[in-house]
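Peer 1: Take a look at the following structure, please.
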Amino acid sequence: MAQNGSVRKGRPNILVTGTPGTGKTTTSSALAEATQLHHIIVEDLVKEKNLHDGWDDQLDCFLINEDLVCDELEDLMEEGGNIVDYHGCDFFPERWFDQVVVLQTDNTVLYDRLSRRGYTGSKLSNNIECEIFQVLLQEAKESYPEDIVVALKSDNIEDITRNVASLTAWVGSWHPAT
């Protein structure tokens, strides 16, 4: 049994979540390279496998079908050794993850990042408000055991480097519970 009650082979599963623009993909990519865990970008998986219910013109994104995503990931997650990169977390089964990382970014830094990505209007303001009110951290704490949820500052490359080093050390010391 893994630490959270699931049966898993020798590698942990990590969820990296946070408001868009907090550095999930940068952090997850570097962590995957350092640990040889498999990096799964949920947004890319949704596009590649058509795991959505269409396009939301107002939010300029796919309407993710959470059941299809979970069905697609089930076998991989049971094997272990995955980093799941997504800006939401409450629909994934609790048993999948050994660590849930919520990246947080200063609002001014986040505003600049999202503006550079072309976010405007309600899409920009909704994401900034999400960060201000720590919506993803609250969602993670409500969805997973609090002892596996960790919030990490992600304002700059130094933060990301420190976060990757810390998470790499955690992966190196992780052992499935028996």
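Numbering starts at 1 and runs along the chain as it is shown here.
In case you wondered, yes, glycine gets a Cβ from its N, Cα and C as well.
Owing to the predicted nature of the structure, the values given are computational and were not obtained by experimental measurement.
Not my notes, these are from TrEMBL:
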REGION    1-27  region 'Disordered'
COMPBIAS  17-27  compositional bias 'Low complexity'
BINDING   Gly21, Gly23, Lys24, Thr25, Thr26, Arg117  ATP binding site
REGION    41-64  region 'NMPbind'
REGION    116-126  region 'LID'
Peer 1: If you draw a 10 Å sphere on the Cβ of Arg117 (ATP binding site), how many other Cβ atoms land inside?
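Peer 2: Result for Arg117 (ATP binding site): 13 neighbouring Cβ atoms inside 10 Å.
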Peer 1: Based on the record's binding annotation for ATP (Gly21, Gly23, Lys24, Thr25, Thr26, Arg117), what whole-number value in Å is the widest Cα to Cα distance?
Peer 2: 15
Peer 1: DSSP says what for the region 'LID' (116-126): how many helix, strand, coil residues?
Peer 2: 7 helix, 0 strand, 4 coil
Peer 1: Hey, for the ATP site built from Gly21, Gly23, Lys24, Thr25, Thr26, Arg117, who else sits with CB inside 8 A of the CB center?
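Peer 2: Close Cβ neighbours, site residues excluded: Pro20, Thr22, Thr27, Leu103, Arg113.
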Peer 1: What number of additional C-beta atoms lies within 10 angstroms of the C-beta atom of Lys24 (ATP binding site)?
Peer 2: 26
Peer 1: Using a Cβ cut-off under 8 Å and a sequence separation of 6 or more, which residues in the same chain sit near Gly21 (ATP binding site)?
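Peer 2: Thr105, Leu110, Arg113, Leu114, Arg117, Tyr119, Asn127 - these are the non-local Cβ neighbours of Gly21 (ATP binding site), listed in sequence order.
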Peer 1: Write out the long-range same-chain contacts of Gly23 (ATP binding site), meaning residues 6 or more apart in sequence whose Cβ is under 8 Å from its Cβ.
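Peer 2: Those within reach of Gly23 (ATP binding site), by Cβ under 8 Å and sequence separation of 6 or more, are Leu103, Thr105, Ser154, Asp159, Ile160.
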Peer 1: So what's the average pLDDT for the region 'LID' (116-126)?
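Peer 2: 94, rounded to a whole number.
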Peer 1: Quick one: give me the count of other CB atoms within 10 A of the CB of Thr26 (ATP binding site).
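Peer 2: There are 17 of them.
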Peer 1: Can you tell me how the residues of the region 'NMPbind' (41-64) break down into helix, strand and coil by DSSP?
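Peer 2: The composition, in the requested order, is 8 helix, 10 strand, 6 coil.
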